[in-house]
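Enquirer: My questions will all concern the structure given below.
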Amino acid sequence: MSHDLFEAAKAAMAKAYAPYSKFPVGAALRTEDGRVFAGANVEIASYPEGWCAETTALGHYIMAGGGRITEIAVIAERTAKCSPCGGCRQRLAEFCQPETRLYLCDNSGVVETVTMGEMLPYGFKGDVLK
């Protein structure tokens, strides 16, 4: 992973709006053509209605026209290794391939590298709806 993806996730985490949980999270994803899209979690008083960092990053990615996602970095301020929640794993799987690399980070850098296939081996895919 290029250091800039980690830095983009970390910079996004600094912009998180997490007044209730005090658990800021940042995520950044890179497309095949090198573009980077970052996002932070956004909480609201109606707690389950907020957005996770990965969801925010995906929103930026979609609005910019998408593309093939090749790698993702996720970081949280208060945990040694941040991984996407179950809902975000499913959202990411919608736009990623099983071999897409996912970097689980702490404040100093990558702690572990896994693939989307390892994170969500039995994810629900849209092809079953056809």
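Cβ coordinates come from backbone N, Cα and C, glycine included.
These came from TrEMBL, pasted as-is:
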- Glu54: active site, proton donor (ACT_SITE)
- Asn41, Val42, Glu43, Ile44, Ala45, Ser46, Tyr47: substrate binding site (BINDING)
- Cys52, Cys85, Cys88: Zn(2+) binding site (BINDING)
- 1-127: domain 'CMP/dCMP-type deaminase' (DOMAIN)
Enquirer: Sorry to bug you, but what's the C-alpha spacing from Cys52 (Zn(2+) binding site) to Ala45 (substrate binding site), rounded to the closest Å?
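Expert: If we compare the Cα positions of Ala45 (substrate binding site) and Cys52 (Zn(2+) binding site), the gap is 14 Å.
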Enquirer: Among all protein chains shown, how many Cβ atoms are found within 10 Å of the Cβ of Cys52 (Zn(2+) binding site), not counting that one?
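Expert: The answer is 21.
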Enquirer: When DSSP states are folded down to helix, strand and coil, where does Val42 (substrate binding site) land?
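Expert: DSSP call for Val42 (substrate binding site): strand.
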Enquirer: Test of understanding: give the count of other CB atoms lying within 10 angstroms of the CB of Cys88 (Zn(2+) binding site).
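Expert: The answer is 24 other Cβ atoms.
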Enquirer: Please identify, among the recorded positions Cys52, Glu54, Cys85, Cys88, the one with the smallest Cα-Cα distance to Glu43 (substrate binding site).
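Expert: The smallest Cα gap between Glu43 (substrate binding site) and any of the recorded positions is with Cys52.
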Enquirer: Identify, in sequence order, the residues in the chain of Cys85 (Zn(2+) binding site) that are 6 or more apart from it along the sequence and have a CB within less than 8 Å of its CB; answer 'none' if there are none.
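Expert: Listed in sequence order, they are Cys52.
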Enquirer: Calculate the per-residue pLDDT averaged over the domain 'CMP/dCMP-type deaminase' (1-127) and state the result as an integer.
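Expert: Averaging the confidence scores along the domain 'CMP/dCMP-type deaminase' (1-127) gives 95.
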